[in-house]
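*Asks:* A single structure is presented below for examination.
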């Protein structure tokens, strides 16, 4: 990692020392013993992946008693947006044919009332389409229920995830023992590495395994002997990652920044940089085509950034010449130009495409870092959710409790120091007349994975939901620190120890750590696997059963996004809104429907619901009388703030807020006052839910009485 290499473009065509060493190793190491050792390594990777898959599947079964509950209870267990995505898998299976099922998705009028939308364009549901087609074509119907085919596929992807992390650690450390340590850490830190056992259909559970595979492919590509073979794998995994998660553009933006940083400090060659950029661009454009020319892809920041980076790089061929101060000035100017051009391209693209689908994300970012107003309803919905808050400190305590954090931190610090030395050496390089000198070599694959871990770690600290991208890769980096010979060589040289100790140290450390793991953690794993629970939500089951049996099939339901996703899955009824929030018109419609929890008159609420085509509205006590969030973050508070009204309960209010002229609708309608009963009829209620049917409004001459509502 500290050897020297020739700059690209030197007159001599001899191989660089680093390449020669790795070439010699690859040519000499393939004895029968090495083949057997490698075969064992591959077998262990598959075994660990299957172990993780079986582990999360068992936890899911034990938590819900999934095999013993009714079908409606199984469907209710797909909470919030998970239920919405699974409903399209169910819809495809219930269609008379694959062609008709696809046509229903492309011309869907059930997900949003009074609208026909292309679900394959709007949402990332190709995985549901693929699985449904596969299930229909394979002879599985007699042996496996559709729901099990679905959840077992997702759990199997966890095996792919673990194998990808295993291979990344193996490539970095040169020993599959690092992969073994990575897999063990991943399983032990399951609470912080995945949440697949209770959010099966969540998009990240589909996409992160492909992203981990892409990182493995990038690591392979950056090794001289494996470059060309990996380009297609990088492209395929990038496509799969982007196709399965709507937030792909922000993850790829961070990756593009990593490539950019390693380019300007001369740790990547021109070919490597161009290839990695083009793989991202081609992956995004392929997804753009598959999603029926989804404008959100063309308007993504990552696409604008890559175009800007390649253009400015072409216009500044002398970027990597000059002394230290000159290079630093050039790097600063180059970065400013790239960022400026990227924002200009992105702004012009969005204006040309009239793209406003992702503006709520930028509002959230501005509000999160106090760069804009925080009264915006959409931004506040995200800010008040724990998943979008800062990473809790107890996460680090858990990671330290499994001995993951202790090797990870010194590994990152030591590698960062070595990288800084290499970068300063490269930037200090002076271009001589007609000659090219030597630069400090730092393994490109190690440099990439280091920055990957650091930048995604910062992302995780800023937004807790993103920790699942970081913690898995964190296991691989920590395992590299424990098993990699590079760091041990440096450490032993610093301590002036005999380097023959290196082999014994790099082999004994992972074995020692595994022994430490098994002693305290094995009983805990067995205890966790022995805990048996059962799904129990009788109120929701009663609601879904009533809707299925007592309402017309074409009835339109209004309510909270989370509940409506379940109604779509369990009953197939038409919705007014849903949790897939990446559409401006839908966000505005959701805010309007949520006025049932605000202080509005019955006439206003009735007109809003009729405007979106609602026949029934479902009110939830858990929202109307919410106590889960603090004051200012309850849904009713967010609506009051957006409407300019004073919030409920003791506490300060901003001076421009005024008292509302009407009582809270979700509370007042239960009094059965005349102002409400002439517009709404209560058709169902239990301890959790109230369902009201909208009456046909009678025409009144000259009377507009909101007085009963005011009195309440």
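Note that Cβ sites are derived from N, Cα and C of the backbone, with glycine treated the same way.
In TrEMBL, annotation is done automatically, which means it is predicted and not curated.
Pulled these from TrEMBL:
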type     : residues : note
TRANSMEM : 34-57    : transmembrane segment
TRANSMEM : 129-151  : transmembrane segment
TRANSMEM : 163-188  : transmembrane segment
TRANSMEM : 232-262  : transmembrane segment
TRANSMEM : 296-312  : transmembrane segment
TRANSMEM : 324-345  : transmembrane segment
TRANSMEM : 405-425  : transmembrane segment
TRANSMEM : 446-464  : transmembrane segment
TRANSMEM : 470-492  : transmembrane segment
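For the listed features, I'd like the structural context: burial, neighbours, distances.
*Replies:* Remote same-chain residues near the transmembrane segment (296-312) are listed as 242, 246, 249-250, 252-253, 256-257, 260, 274, 277, 280-281, 284-285, 287-288, 334, 337-339, 341-343, 345-346, 349-350, 353, 355, 357-358, 582 (criterion: CB distance under 8 Å, separation of at least six residues from the stretch ends).
Here the transmembrane segment (324-345) has long-range neighbours at 260, 264-265, 301, 304-305, 307-309, 311-313, 316, 318, 424, 427-429, meaning same-chain residues at least 6 beyond its ends whose C-beta is under 8 angstroms from one of its own.
For the transmembrane segment (446-464), the residues of the chain that approach it from at least six positions outside its boundaries are 1, 168, 172, 215, 218-219, 222, 254-255, 257-259, 261-262, 267, 368, 386-392, 395, 412, 415-416, 419, 470-471, 473-474, 476-477, 480, 486, judged by C-beta separation under 8 angstroms.
Listed as Cβ neighbours of the transmembrane segment (470-492) (distance under 8 Å, sequence separation of 6 or more from its ends, same chain) are residues 1-2, 161, 165-166, 168-169, 172-175, 177-179, 181-183, 185-186, 189, 192-194, 208, 212, 215, 399, 404, 407-408, 410-412, 414-415, 418, 443, 446, 449-450, 452-453, 456-457, 459-460, 498-499, 501-502, 505-506, 509-510, 513.
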*Asks:* Which range wins on Cβ pairs under 8 Å with the transmembrane segment (163-188): 34-57, 129-151, 232-262, 405-425?
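*Replies:* That would be 34-57.
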*Asks:* Residues sitting near the transmembrane segment (34-57): Cβ under 8 Å, six or more positions beyond its termini, same chain?
*Replies:* 151-152, 155-156, 158-163, 166-167, 170, 176, 179-180, 183-184, 186-187, 190, 194, 196-197, 529
